[in-house]
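Asker: Let me give you the structure first, and then I'll get to my questions.
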């Protein structure tokens, strides 16, 4: 159905090809999963399936890409729209119309589908993706998960035979990701649709894949049966690492398979797990606190009577579905949003009433899109302006960056960096002011496993040196390895607040894979299991 | 066009045809352009405001009304202040206040800054500004009741490219404001107050960059979704279509300008409108052959639409007729006179309230009372 034959792609002026001799074949009705670190060419490969690369982006493509028998060299993307549905990384930026219902119909209108057929297909799709309640909603008011489902729906209404998805769940909370994935599975199982998908969050998708393709630096490293590829892939979900540790073959990919195998492992593990391999600091003084904090935007109450505390030496994770109020709470702490009522104090001052200069010594924030923080034309210039902004000796920011990510080229424009590199640059900028409290809004979004690991190690080191860290995230695995405390926010209220161990094991939605496999034993990470096995042996 | 019988029933919740709302608002705007008497002007603004209050939804574009009202107030204030500061003594005898006058060199004749301000000057500025303000309010009402994007969808297939360009522009203007606010906010996180000197580099550039990124993403998405699939037509045919539509819109523009400004003879401007319409229609019929697009759920044009559009047209017709015949007290005899009151135009304006009764409840507010969770943008 999708055939890449010796495909290479080089953008004009690029030192090396973005895709290098790719040979990829996806059969009809197959779900193929593309894995690999950021910047390895996954998005380019996906966009080559419907001809956006190179028709839209430019660049020189050699080799042959055919989809459903049509060669993309001869067919424009718009003429493949009836065959390939493409859903990009940021679905909200691709909406053309006003409301959900008209958005679903847009592709069909372009294809000239008859009015009666359009009505029927829109209704079918609304049901298939559970969007019926949202049909009249303006697309700008949708939450992340809703927007993702609408984007998938608007690709589906044209009845394409191939669906191409670029990280469909990376910005979503666990529940929304579950909804989207079950919709995709239904399409594959019931309609025999061919799906090609790239995703960093392997723990969510790998068990559904028929074929896994690992790609690095534009080349296919290995591909084939998921169990076989996972056996020696560089990026693997926790469940596979657990399987490798316990020596299970074939490797389990779902919690169900792993749990059936884990019986002997569970019996052999001590009741009390060793401490998680994070910084082992005791929570220190209170760095920030809020009492009865309420924030209203127009008629919408984003936060309602929040009592919150952040302490030195502690990593606190905020969890909760998209739109629950996590970003608002972080913005209040950083003085970007004024509380409607209630009090907030950060390091003895009221954030909204103090000058930015005073505030940055007490709290530093990396916003959801780290690019918001950056404005210089190169990395080196960015570091220099950061030194000037925070009145610190020249070179401070550059040194911090070298520590966080040694491989960032100083002459590159910040917009041309990979997600992970940009995150590190923003973090280095904020850390230049050496704030006591560090606030991060979804720092792991779009990061691959190794970038997440490096970021985690940095945050643990900062916490060990007495900084307080508050981060919001949807990533339960990050929480399991990193957080000391978890606060769950729902509908503007705190619904759970306590040690990470207790909160994440308390609900299946927030539990990491290892906890699900080993329950009732309170293990959260593969690291803990490894340490425990060493103790026993 | 299919006309389901339910469409005629105004108790049945659905979105009114955007063309009807715009026709109604245009009617009120034409009426406002025909009078400088504050009584009908205020009445027109009240009628527009009342209908918006009754029929608007929670959609983002419904906020346009408030924005337009603010702009209208600024227009009035600006006009009055400028008139007061720059007015000359020739404008009347009723002194309101004497401002300190700025001495100007002799060679500047006919201009003065400050000095005596007359009631006549201020009131005539107020009335003239009020006229423009009410026209703006009418446009705000149309924007709030029917999103301009839906109106653009009515553009015939031949003008599809123009429609898309306008849709993209309409998306980015508000998005630019949101981006600018977000990035400006993020500057606080760098520990500096934003200075005007560096505003361009630190805020405007990133905002423009992200707007550009977004446009490219949208264009790619539209391409992938089949935008621009066309049937092939000979070049001469395409050129003829473009020429006709250009000439047609030109005729329409001149004609409407004439009707609104009363500077061209009415017969002439009506003629121009008709000629423009004829040319444009021909262009559209020719152009339709090329496009392969279909329309999803085209809005029906049924009884409520006729009533809404008709009420606006009636208001416009009565006021235009009255002003042509010099009846109805639409022109102020002098700025300080008590505004004349004539029943016919005022009653006609009240007809503009009809949509509040006959327009169906919008589908969105009938189904969901208010969005439950809204993606939050820190402001």
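Each residue's number is its place along the chain shown, starting with 1.
Glycine is no exception: its Cβ is also placed from the backbone N, Cα and C atoms.
Given the structure is predicted, the values throughout are model-derived calculations rather than measurements.
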Asker: Pick from B:22-38, B:39-55, B:90-106: which range does TrEMBL record as transmembrane segment?
Answerer: B:39-55
Asker: Under 8 Å for C-beta pairs, could you tell me which stretch among B:67-86, B:240-260, B:306-324 has the largest tally with the transmembrane segment (B:344-363)?
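Answerer: Answer is B:306-324, with the largest number of Cβ pairs below 8 Å.
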Asker: Can you name the far-off residues of the same chain, 6+ from the ends of the transmembrane segment (B:240-260), with a Cβ under 8 Å from a Cβ of it?
Answerer: 30, 33, 158-159, 266, 268-284, 286-287, 290, 320
Asker: Contact between the transmembrane segment (B:266-286) and the transmembrane segment (B:125-146) is defined here as three or more C-beta pairs under 8 Å separated by at least 6 residues; is that satisfied?
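Answerer: Between the transmembrane segment (B:266-286) and the transmembrane segment (B:125-146), which are separate recorded stretches, there is no contact, as judged by 3 or more close Cβ pairs.
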Asker: For the transmembrane segment (B:158-178), find every same-chain residue at least 6 residues outside the stretch whose CB is under 8 Å from a CB in it, and list them.
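Answerer: Same-chain contacts beyond the ends: 60, 148-149, 152, 207, 211, 214-215, 218-219, 222, 227, 241, 245, 283-284, 286-288, 290-291, 293, 377.
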